[in-house]
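A.B. asks: Copied straight from Swiss-Prot:
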{"type": "ACT_SITE", "residues": "Glu170", "note": "active site"}
{"type": "BINDING", "residues": "His169, His173, His179", "note": "Zn(2+) binding site"}
{"type": "BINDING", "residues": "Val237, Asn240, Leu242, Glu244, Glu247, Asp250", "note": "Ca(2+) binding site"}
{"type": "DISULFID", "residues": "Cys144-Cys222", "note": "disulfide bond"}
{"type": "DISULFID", "residues": "Cys184-Cys206", "note": "disulfide bond"}
{"type": "DISULFID", "residues": "Cys186-Cys189", "note": "disulfide bond"}
{"type": "DISULFID", "residues": "Cys249-Cys264", "note": "disulfide bond"}
{"type": "DISULFID", "residues": "Cys251-Cys259", "note": "disulfide bond"}
{"type": "DISULFID", "residues": "Cys258-Cys281", "note": "disulfide bond"}
{"type": "DISULFID", "residues": "Cys272-Cys278", "note": "disulfide bond"}
{"type": "DISULFID", "residues": "Cys277-Cys303", "note": "disulfide bond"}
{"type": "DISULFID", "residues": "Cys290-Cys310", "note": "disulfide bond"}
{"type": "DOMAIN", "residues": "33-227", "note": "domain 'Peptidase M12B'"}
{"type": "DOMAIN", "residues": "235-318", "note": "domain 'Disintegrin'"}
{"type": "CARBOHYD", "residues": "Asn115", "note": "N-linked glycosylation site"}
{"type": "MOD_RES", "residues": "Gln27", "note": "pyrrolidone carboxylic acid"}
Amino acid sequence: KMCGVTQNWESYESTKKASQLNLTPEQQRFPQRYIKLGIFVDHGMYTKYSGNSERITKRVHQMINNINMMCRALNIVTTLSLLEIWSEKDLITVQASAPTTLTLFGAWRETVLLNRTSHDHAQLLTATIFNGNVIGRAPVGGMCDPKRSVAIVRDHNAIVFVVAVTMTHEMGHNLGNHHDEDKCNCNTCIMSKVLSRQPSKYFSECSKDYYQTFLTNHNFQCILNAPLRTDTVSTPVSGNELLEAGEDCDCGSPANPCCDAATCKLRPGAQCGEGLCCDQCRFTSAGTECRAARSECDIAESCAGQSADCPTDDFHRNGQPCLNNHGYCYNGNCPIMFYQCIALFGSNATVGQDGCFDANDIGHKYFHCRKDNEKYIPCAPQDVKCGRLFCTYIYDIDLCRYDDSANGMVAQGTKCADGKVCNSNRQCADVNTAY
């Protein structure tokens, strides 16, 4: 299974090495994000490959290159920040129960791992056969959370690409994606419920919409900035679109006019090989816009003229009024319920009446403010507009409509009253102290 759905292939033809994809105009709708991965190989997988750490390392690097290729459709660059092989013993108890193992791995990351290394998302690769033939599991929307920014994946196929699809699928869940439904018209795409005999390297339009909505509502902080070269574990084969220690440029193709494929050094006369501020092997002139402002809460960045990199993505201070005082800036966006309703239910949607939100004081699976130890915590009366989002249609204002997924909760930073916003604990807090 993938996340509890049956695996249905018997064989798979050898796949060609993943090729690099150029960004399409469609991908420009997503802001650039960077995910630093920590990969942990359990002792069972170490034993499976006869203790050959070099073979395992090469296999993991190939997986990362495939993941990076697939994530380009979301304008995400993935880097291997940490690779740890548990050659002596497992550092957690890897059980046949996938939910239990995921919980243990998340707790270990929060209490042990984050104290000794920096990364954004951790995955455990295991040889353990999980109950129900599950091959992967991850929390939906857990990215950047100390305990929930994790996934577990069984090394279930000899073909690297097939396992990499599963790893990308689980990371997709962490980024807010749910399984593709029938209406998505893509039964082989990355977020499909079932991993097909020939899995696709593409995200469906449904997945892209989910990611865009979730990114707008949450704007994960840990994946905003590009990794340093010293943050990246060097790969045996270059051409991964990442600059690693010792490289001037990424030497993936001998045809690259800026970069010498044999040495990963710049060709004579070249200032740069790639980057938002690199044009025809030269630094773009100072003042050239390299990242447009995506909202009135964001700040456009311009090239400095001395580097190929676009400056760090910056934005106006949190709490600054926006959209004619209908909202407050939060991490470069202006989250308001009206636009969240449109994202969920279309252009005829608007915010539901105040009475709809009173359901959030029930403490139900769908109507609550928080969840603690599997118990749903009801919203306090003053916090009901920070729980489940209720919408309606302009032609039927008495309707209380909601989306029961994670995307259906009111986004953090959303205005819940005059001078107040929803904080990370789903409380309607003073805008001056909420962040």
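FYI, residue positions are counted from 1 along the chain as it appears here.
From the backbone N, Cα and C atoms, a Cβ is placed for every residue, glycine too.
Keep in mind that this is a model prediction, so the values were computed, not measured.
Have a look at these and tell me how they're positioned relative to everything else.
C.D. replies: DSSP gives Glu170 (active site) a helix state.
Counting every protein chain shown, 28 other Cβ atoms lie within 10 Å of the Cβ of His169 (Zn(2+) binding site).
Within 10 Å of the C-beta of Cys222 (disulfide bond) there are 18 other C-beta atoms, taking all protein chains into account.
Taking Cβ-Cβ distances under 8 Å and a sequence separation of 6 or more, the neighbours of Cys184 (disulfide bond) in its chain are Ser204, Glu205, Cys206, Ser207.
When other Cβ atoms within 10 Å of the Cβ of Cys189 (disulfide bond) are tallied across all protein chains shown, the result is 21. Cys189 (disulfide bond) falls outside any helix or strand according to DSSP and counts as coil.
Summarising the environment of Cys249 (disulfide bond), the number of other Cβ atoms within 10 Å of its Cβ, over all protein chains shown, is 25.
Counting every protein chain shown, the number of other Cβ atoms lying within 10 Å of the Cβ of Cys259 (disulfide bond) is 26.
Applying an 8 A CB threshold to same-chain residues 6+ apart, the list for Cys281 (disulfide bond) reads Pro257, Cys258, Leu266, Arg267, Gly269, Ala270, Gln271, Cys272, Gly273.
DSSP classifies Cys272 (disulfide bond) as coil under the three-state reduction. Of all Cβ atoms in the protein chains displayed, 21 besides its own lie within 10 Å of the Cβ of Cys272 (disulfide bond).
Cys277 (disulfide bond) carries neither a helix nor a strand DSSP state and counts as coil. Other Cβ atoms within 10 Å of the Cβ of Cys277 (disulfide bond) number 25 in total over all chains.
In this structure, Cys290 (disulfide bond) is part of a beta strand by DSSP. Within 10 Å of the C-beta of Cys290 (disulfide bond) there are 18 other C-beta atoms, taking all protein chains into account.
Spatially close to Asn115 (N-linked glycosylation site) yet at least six residues away along the chain is no residue at all, judged by Cβ distances under 8 angstroms.
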A.B. asks: Measuring CB to CB from Cys310 (disulfide bond), give everything in the same chain under 8 Å that is also at least six residues away in sequence.
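C.D. replies: Sequence-distant Cβ neighbours: Gly275, Leu276, Cys277, Cys290, Arg291, Glu301, Cys303.
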A.B. asks: Just going by other Cβ atoms within 10 Å, which of the disulfide-bonded residues Cys264, Cys303 has the emptiest spot?
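C.D. replies: Counting other Cβ atoms within 10 Å of each of the disulfide-bonded residues Cys264, Cys303, the minimum falls on Cys264.
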A.B. asks: What is the average pLDDT across the domain 'Peptidase M12B' (33-227)?
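C.D. replies: The average pLDDT of the model in the domain 'Peptidase M12B' (33-227) works out to 91.
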A.B. asks: Report, in whole Å, the straight Cα-to-Cα distance of His173 (Zn(2+) binding site) from Cys222 (disulfide bond).
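C.D. replies: Computed Cα spacing between Cys222 (disulfide bond) and His173 (Zn(2+) binding site) is 16 Å.
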